[in-house]
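Structure first, then comments.
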Amino acid sequence: MHGGQGPLLLLLLLAVCLGAQGRNQEERLLADLMQNYDPNLRPAERDSDVVNVSLKLTLTNLISLNEREEALTTNVWIEMQWCDYRLRWDPRDYEGLWVLRVPSTMVWRPDIVLENNVDGVFEVALYCNVLVSPDGCIYWLPPAIFRSACSISVTYFPFDWQNCSLIFQSQTYSTNEIDLQLSQEDGQTIEWIFIDPEAFTENGEWAIQHRPAKMLLDPAAPAQEAGHQKVVFYLLIQRKPLFYVINIIAPCVLISSVAILIHFLPAKAGGQKCTVAINVLLAQTVFLFLVAKKVPETSQAVPLISKYLTFLLVVTILIVVNAVVVLNVSLRSPHTHSMARGVRKVFLRLLPQLLRMHVRPLAPAAVQDTQSRLQNGSSGWSITTGEEVALCLPRSELLFQQWQRQGLVAAALEKLEKGPELGLSQFCGSLKQAAPAIQACVEACNLIACARHQQSHFDNGNEEWFLVGRVLDRVCFLAMLSLFICGTAGIFLMAHYNRVPALPFPGDPRPYLPSPD
């Protein structure tokens, strides 16, 4: 039994020794490299030497863009490479050890920070280990979640696009000490933000159109002094407006259409029209308040959606004004307003023909003159001519008067047939006795006829003002409908032509994208 355990113990001891020897090589190398190493000193053999530092940005998630705070939140990996002559070794001296992992706090770092941050976090989120190669070159890939400042242009919101940037520079070193560069792969400079399709998470509100990168020199530095280099990574992003179209724009258009449709209510239903229009105004005000909570509080520009909502408010207010004017015209009467000939000609003849509206034909001019006489005459008005009576009285009264006259004539003829003298004397006596009664009857008939014709004239005047109100309501409906359609089309055509440029920088033909394979 003891003889069987001997080989196993020997193998276990050999494995432990080899592992300890491997760890000892890495520990020995780290101890040798860190001996007399000062991480605060720049890795330059001579004072005039410049340390080359290359940067590459990998975007894994565009988290959000807060318009009110004008802050872009991104999840990135920052790839930095530089060489430190103090960290060189010969792999043969350390049994072929080609890579050494060293805590980043133990080596010199170029102090690359995000200049345009908005939360006070300049550095990376995790100080992970650096990878050191035998030639002294260091590879560092720390992750970070940055909140960078992004100036928001709200002119075409929500059909807008934004140009945001992440600006990196060394916090302590100038161009005479370090040289910031963009990373290179296969001899090609990576002048763009790298996106790994497998690791990248698409944003639901923004679509990335361009992602170039550029080297810039600090323009604030004096010409005789060395400035600070900056590496700027740009993100040109286009908003996906579907959310705002479904939840704000479409409801506003439908609600405003309801305000347009109130013209189909009767002209005298002004109260109901105003009630519907004011309810629409309240709903539009709620949507305007929701938009105001989304966009930044700036006076540099007015958002496109705010312009459209304001336009809808103006249209709705005009509809309310139209309803009030139409109601005022429809309720007029001949006692309070006299209709001018021009108004009658335009609103009762010309416009109904143009608008294909059915309006009753106007009375002849003679009837109008006679009706005015009836309106202005006194209770003792007498019938002067048969033509005026025929024009003013209805057919039933004309038949009654003709029958009454024929009866009087027949009675007179019957009296005359009995004898000229007797008949004439009796006829004259009858006339004398009946004269006051006949006169009273005639005056009573005249009063009744005058009152009826005055009422008929009053009703005709009311109907004419009502017809004018109908025509005016139809004109206002067509005007508001045209204004609503033209304004809506014009505003959204402006949004249609607001597109991200085909190239990221005007005048620069380079696309700043990886060349196709």
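One is the number of the first residue shown, and numbering goes on along the chain from there.
Cβ atoms are placed via backbone N, Cα and C, with glycine included.
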Do you know which of N52, N376 is annotated N-linked glycosylation site by Swiss-Prot?
N52
If you check Swiss-Prot, which of C128, C164 bonds to C150 via a disulphide?
C164
Under the annotation given by Swiss-Prot, are V343 and P197 positioned on the same side of the membrane?
no
Looking at N163, N328, which residue has the N-linked glycosylation site feature per Swiss-Prot?
N163
Other parts of the chain folded back onto the transmembrane segment (241-265), taken as Cβ under 8 Å at six or more residues beyond its ends:
158-159, 205, 272-273, 276-277, 280, 283-284, 287, 290-291, 305, 308-309, 312, 315-316, 319, 322-323, 473-474, 476-477, 480-481, 484, 488, 495
To the nearest whole angstrom, what is the C-alpha distance linking N163 (N-linked glycosylation site) and C150 (disulfide bond)?
7
If you count other C-beta atoms within 10 angstroms, which of the glycosylation sites N52, N163 is the most crowded?
N163
Same chain, outside the transmembrane segment (309-330) by at least 6, Cβ under 8 Å from its Cβ: which residues?
252, 256, 259-260, 262-263, 267-268, 270-271, 273-274, 277-278, 280-281, 284-285, 287-288, 291, 465-466, 468-470, 472-473, 476, 480, 483-484, 487, 491
If one measures from the C-alpha of C164 (disulfide bond) to the C-alpha of N52 (N-linked glycosylation site), what distance in angstrom results, rounded to a whole number?
27
Do you know the mean pLDDT across the topological domain 'Extracellular' (23-240)?
89
Please report the three-state DSSP label of N52 (N-linked glycosylation site).
strand
N52 (N-linked glycosylation site) versus C150 (disulfide bond) - Cα distance in angstrom:
29
